[in-house]
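Peer 1: Here's a structure for you.
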């Protein structure tokens, strides 16, 4: 009568004295027999030890033995208040007996201990929490049976658990380890949060918690995603049920609680069975085998219909014909999952180990008023290797083997019969004669499409880069003096206003020379008569200023030759239109002759012939006076619109009355003429 909380698993477990952590009663005794697999040994670790030692362990004590039965041998006898045992107690065989004796005493909590096989070197107890460890990340082994009523946890996944929470109990709540099996946990410590939520999961209630300095979470395989009930990936045609609740209200409207309404968080009524008994079921076809790691359920979520399922079983199948009831490994009973305690709260249950199946059934066993629920499945794709199915463990080998075999067959047959009896009682059975196409993309298809899309986008980017580069090269290939083809003339006009105007230093004295004098000159001497200083480039002829021809030339000399404009006889050679790569023709759309610029030069002294002068003239009959070489064409673009009041004489040698043999250029009449100019 002295046994307290006890869970004895195949590889680990937890045991405590009666009434722990309160004072144990007087004159009580309890004895635990622990067995593990042959060939293994047992190790025992105490989480708390507080036994009265007033009589030197005579009437109150804890004794540990190797073996079970009359042949057992004692390992040790322990007592004391706040006794600390740092090490582990290890057996010599696979069997251990633990005996607790409580005599007459006034205080003492008793004890809580955990055991496991010796290969679990990092064993902890159900009382250990995150604050007991300083490492930011560590691995520990939790024993079975850590869902204890005297321990608290705060928080939930994925936000984390308060550092004061029991590590192993939080692991059960998170679905990382099983309460009946125990298991390994991988803990990560991080900074705390101001508020910890509470929830119900795996028969563990997590409470709301305040701010803490740190929290912990668990590293998992990551196979906890939703499988498509809420999102609609699973189509309505793949959700069926044993029966459907349907009725008409006072207004005559028909209310149908169809199985496709059993989607978590969907607004409106849930699925509800027509008759509430233990033979009803809700079935989900996943279209192919999946790894199912958990389930989330709620009630009807309608306040006026307070319906929910408080306990259920899980069945699974590959062909929807042969069904297997879910059981935990090593257990000979069906796993009964705790459902909802009210119609709104989401309750999660995890499957350890996971279920590998295509068809999934929920068989309600307990409910409130009517069977009604909404669900979501958790898990991931399954494509590596099929895990062995969890089947009913074989009965113990003894003389009643035949009877046990018959009982097992009868039990399985009865379960199948109960689940299939009501298929045609309330609604016709919905058979999956067609396979609904899967909404999710296949992994193989994605593996092909992703590289193809990457190549296409890369090719487009390369084409754009090449086009941009080609365009830049084309722009660079234009000459330094070239203009865009679309605005050559317009640009030339706009540049006139930025060119230098006439100044006093460029003024010239009148020049008079005859054609006979020019004919006696050598070809190389002609440029000397025309200009005193040469330049490789000159500004274009604008503004009607002929004098600029005496300053600069817009023609670049040919390679290997001296600058000359009279290599041939200027009067015998035909007039040729020469367009040099470095010269720009005058705009075709502009006026044929420039407007004359009249300047009063009477106050300026005469200059020698060698000094360039500015001469603006008007040609008679819209014809330019014949000049040397290719300048005939350029000088023909002079002003033809000036009036007779410009005070310029018509050049001699043009057709008209009194034409002379000599070609004489006259300056404006208002300017004083030097008599010695012609002689020079």
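Keep in mind that glycine also has a Cβ here, set from the backbone N, Cα and C atoms.
TrEMBL: automatically predicted annotations, no manual curation.
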Peer 1: Among 391-416, 417-442, 443-468, 469-494, indicate the range for which TrEMBL gives the feature transmembrane segment.
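Peer 2: Matching range for transmembrane segment: 443-468.
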Peer 1: Scan 616-638, 639-661 against TrEMBL and say which stretch is down as region 'Disordered'.
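Peer 2: From TrEMBL, the annotated region 'Disordered' range turns out to be 639-661.
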Peer 1: Within 10 Å of the Cβ of residue 30 (disulfide bond), how many other Cβ atoms can you find? Include all protein chains, please.
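Peer 2: Its Cβ has 20 other Cβ atoms within 10 Å.
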Peer 1: Cβ-Cβ under 8 Å from residue 3 (disulfide bond), same chain, 6 or more residues apart: which ones?
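Peer 2: Listed in sequence order, they are 15, 17, 18, 30, 32, 100.
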Peer 1: Tell me, what is the mean pLDDT of the domain 'F5/8 type C' (223-380)?
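Peer 2: Over the domain 'F5/8 type C' (223-380), the predicted model scores a mean pLDDT of 94.
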Peer 1: By DSSP, what is the split of the domain 'CUB' (3-118) into helix, strand and coil residues?
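Peer 2: Grouping H, G, I as helix and E, B as strand yields 0 helix, 61 strand, 55 coil.
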